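What TrEMBL annotates here:
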BINDING   A:637, A:643, A:677, A:681  [4Fe-4S] cluster binding site
BINDING   A:681  siroheme binding site
DOMAIN    A:7-282  domain 'FAD/NAD(P)-binding'
DOMAIN    A:318-386  domain 'NADH-rubredoxin oxidoreductase C-terminal'
DOMAIN    A:419-468  domain 'BFD-like [2Fe-2S]-binding'
DOMAIN    A:483-532  domain 'BFD-like [2Fe-2S]-binding'
DOMAIN    A:557-620  domain 'Nitrite/Sulfite reductase ferredoxin-like'
DOMAIN    A:628-764  domain 'Nitrite/sulphite reductase 4Fe-4S'
Ligand SMILES: Cc1cc2nc3c(=O)[nH]c(=O)nc-3n(C[C@H](O)[C@H](O)[C@H](O)COP(=O)(O)OP(=O)(O)OC[C@H]3O[C@@H](n4cnc5c(N)ncnc54)[C@H](O)[C@@H]3O)c2cc1C
Ligand code: SF4
Ligand code: FES
């Protein structure tokens with residue numbers, strides 16, 4: 001058979017070109033495809049170069065389509081081939097090195113290049129852009145030999161480059177012409193918050209500085225600014241913008257402006273020649289992000305496959321900065337103008353900022369900083385110019401209680417061909433089909449199957465919503481997994497088996513219950529060790545090797561590998577003598593920082609591992625268990641001893657409770673607070689157990705949390721006497737110890753178990769309360785101060801803490 | 001090529017307990033040594049391949065894998081390779097027991 005396929009030649013092997021090809025292949029096989037790319041690599045995810053530079057990905061990780069893929073698809077690929085021009089008369093493409101290729105249809109997808117400022121010295125070695133693998137490798141190399149880097153440009157690209165270079169250990173200054181960072185995506189407020197955060201992460205800034213010249217002998221040595229001042233740098237990254245690659249079009253007589261001019265079907269002025277991606281200019285706009293390129297590619301694909309398509313009408317772009325710990329999002333119109341109605345929430349304590357702009361009550365733009373959990377819904381509202389309603393307002397600005405319901409709804413109403421994952425061009429339909437056809441139940445499976453969430457991760461919340469919406473009720477049961485990847489058994493099944501089968505060690509549990517991974521993992525081993533100890537408090541032998549480092553070494557590990565020591569201070573009360581001792585020991589062992597914690601104690605931060613036992617010995621104080629899944633602190637207010645409002649002795653009660661229940665293991669860390677009166681100065685509402693004194697007794701609250709999952713405590717009951725108070729506290733603690741899942745805080749436990757269940761078990765059922773108290777008392781008897789124990793045990797002192805230093809090398 | 005191994009004595013067998021890492025400091029270099037349940041010794045550079053580093057000695061040991069204490073990365077002691085979904089590789093060293101002497105080759 002004579003080949004009846006039409007020849008499609010793609011110029012540019014980048015993200016837009018290959019994505020268009022992928023979309024074409026999904027719709028039709030009537031093209032014989034050839035791809036020419038000037039880079040020596042197969043198609044890779046340019047977005048992720050930031051991660052390569054930052055060190056969390058390698059070049060191999062970011063390859064999107066390897067050479068095998070091209071072969072499997074029957075695509076002829078030329079890498080390292082630069083196209084010179086298109087001969088529209090003969091329908092032939094010419095490369096720089098003399099190759100000629102005939103086409104029926106041609107697609108220009110040549111992207112853009114870094115814009116290099118036209119200043120003296122720009123051609124010195126060490127001056128580069130941030131665009132491709134070559135630039136990225138150049139930076140990685142430079143960081144090995146040089147120390148000082150400058151990045152010109154405080155936009156998305158410049159900041160990501162700067163963060164990467166900081167991670168590589170360089171001293172980095174970002175030079176920015178404007179007053180605000182990312183001024184094309186953020187407003188002044190968000191920009192200032194961003195700058196503060198990045199400074200915290202080690203990036204320096206030279207704002208409102210215009211670079212006049214790059215100086216250096218054989219290599220860049222520094223910059224000179226227009227005001228005459230200088231900045232030393234032995235690497236200079238220019239990230240001031242991009243310039244569409246239009247040479248091929250220019251050489252071929254195709255109409256260009258800033259980019260290659262295209263119509264709504266992405267056709268250029270030359271018949272049968274299309275353009276897509278950053279090189280294309282549509283209705284006056286050249287887009288510099290991937291999401292629009294995929295929308296353009298989809299139009300071309302449908303058109304070339306002969307399917308109906310409406311044509312490309314432009315995109316609403318949104319931005320996400322890929323720097324860990326810095327969440328920034330913006331979409332649509334974000335600079336306030338007189339015609340906008342603005343909704344703003346700024347929280348300097350949580351360092352969050354949220355702004356939504358309305359025009360004629362329609363949502364037209366947004367800026368988020370610090371908390372971007374609403375970005376998915378907001379992006380959709382902006383794109384669809386949704387009318388603001390009370391419901392949406394509540395969802396965005398309210399307490400967030402109705403969040404789940406509203407979100408599921410948005411996945412449901414989303415159009416099939418709406419792109420969910422902008423980075424990888426995955427539509428809602430593709431995800432829904434993948435779930436239905438392959439029986440997927442997790443985001444990871446969807447990632448492996450469709451590529452969604454594979455890049456910046458910004459789309460993950462929406463992917464989760466779609467999963468939830470498609471699976472409906474079966475979502476929960478499908479998501480029902482074992483306590484970790486090593487087993488399919490749940491916490492309750494394991495605890496029951498330990499009891500009925502009389503299992504005594506983690507190893508035994510794993511053997512008998514058929515663990516897939518012989519020795520378990522960092523998730524199940526500590527959990528099993530806890531359950532075993534909770535069930536058999538007298539006979540269980542704590543397994544050091546199944547404890548997370550903090551609990552094994554009885555100190556908090558810090559990011560540099562040093563440790564923090566926190567002595568106990570019962571009820572947050574100390575003495576001048578103890579303070580003096582703490583000060584002396586801190587000086588002697590070079591403690592880096594002495595910090596007052598949120599729980600009213602002193603952190604001695606930065607102790608070397610090998611010094612820990614000596615520090616404990618010399619402090620001669622009990623361990624504060626600041627590192628453990630255990631009773632941490634009992635926060636107290638001043639109370640009736642001194643406070644003019646106090647009706648109960650909160651300091652006294654705090655101390656009693658802390659002394660009684662210290663050293664007890666819990667499923668997760670455990671905090672108490674005791675207040676002398678309802679003014680609640682010690683903030684009981686965010687503690688696992690909060691106690692508030694009143695005129696005739698105490699009120700007990702449980703399940704509060706000020707951490708990851710902020711939650712106000714529920715009122716459990718009121719009691720009249722101190723004894724009753726201690727009994728109820730003991731009952732709640734033991735009930736939680738016995739029924740909580742490992743790492744589950746009481747805030748989650750109370751919600752899962754139900755307040756009424758707990759009231760029944762601890763408050764109303766007196767016999768049960770007694771039994772709980774008996775068991776907790778029995779456990780309390782077994783406990784010993786870990787610091788003392790180690791000080792007196794030469795073996796564990798040596799094996800756990802000492803560093804071996806062989807004398808001769 | 002034959003590697004000219006120079007073995008350095010770093011301690012006694014009983015200094016290296018099961019599934020608990022130990023740090024060895026040589027000049028300015030730190031090495032983390034682990035003994036697995038199968039009684040095999042492994043030595044790796046005591047520094048997480050993550051760009052921000054961090055110690056490895058305090059990891060949880062499971063088979064010939066460790067879970068690092070700062071980020072819970074899973075690392076193969078045999079090859080030093082970081083397991084999915086994270087990436088990277090930590091330097092490994094030869095270590096052996098000669099009678100009751102533990103020796104390392106750098
Ligand atoms: C570090 C970095 C981070 C980024 N982060 C994000 C992000 O978080 N989110 C986002 O949406 N976007 C991001 N982007 C932008 C995104 O990568 C681009 O928008 C996208 O890659 C553009 O696709 P394209 O196909 O148009 O161009 P490219 O991907 O650049 O592909 C063009 C290809 O054509 C080749 N070529 C050029 N001229 C010729 C010729 N004459 N002959 C043959 N081949 C030629 C080039 O070598 C190149 O490989 C980032 C970009 C960079 C550099
Ligand atoms: S809670 Fe009441 S008793 Fe305690 S310090 Fe505040 S006002 Fe005083
Ligand atoms: S949008 Fe970036 S990974 Fe999906």
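These residue numbers are counts, starting from 1, taken along the chain as shown.
In case you wondered, yes, glycine gets a Cβ from its N, Cα and C as well.
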Intrachain C-beta neighbours of residue A:677 ([4Fe-4S] cluster binding site), sequence separation six or more, cut-off 8 angstroms: A:639, A:643, A:645, A:646, A:647, A:648, A:692, A:693, A:694
Confidence summary for the domain 'Nitrite/sulphite reductase 4Fe-4S' (A:628-764), mean pLDDT rounded: 93
Counts of helix, strand and coil residues, the domain 'NADH-rubredoxin oxidoreductase C-terminal' (A:318-386), according to DSSP: 10 helix, 33 strand, 26 coil
Cβ within 8 Å of the mean position of the Cβ atoms of A:637, A:643, A:677, A:681: remaining residues of the chain near [4Fe-4S] cluster: A:638, A:639, A:645, A:646, A:650, A:675, A:676, A:679, A:680, A:682
Distant-in-sequence Cβ neighbours of residue A:681 ([4Fe-4S] cluster binding site), under 8 Å, six or more positions away: A:637, A:638, A:675
Other CB atoms, at most 10 A from the CB of residue A:643 ([4Fe-4S] cluster binding site): 17
Best-contacting stretch, by C-beta pairs under 8 Å, relative to the domain 'BFD-like [2Fe-2S]-binding' (A:483-532) and drawn from A:7-282, A:318-386, A:419-468, A:557-620, A:628-764: A:628-764
Secondary structure tally of the domain 'Nitrite/sulphite reductase 4Fe-4S' (A:628-764) (DSSP, helix then strand then coil): 54 helix, 34 strand, 49 coil
Cβ neighbours of residue A:637 ([4Fe-4S] cluster binding site) where a neighbour is any other Cβ within 10 Å: 27
Residue counts (helix, strand, coil, in that order) that DSSP gives for the domain 'Nitrite/Sulfite reductase ferredoxin-like' (A:557-620): 27 helix, 15 strand, 22 coil
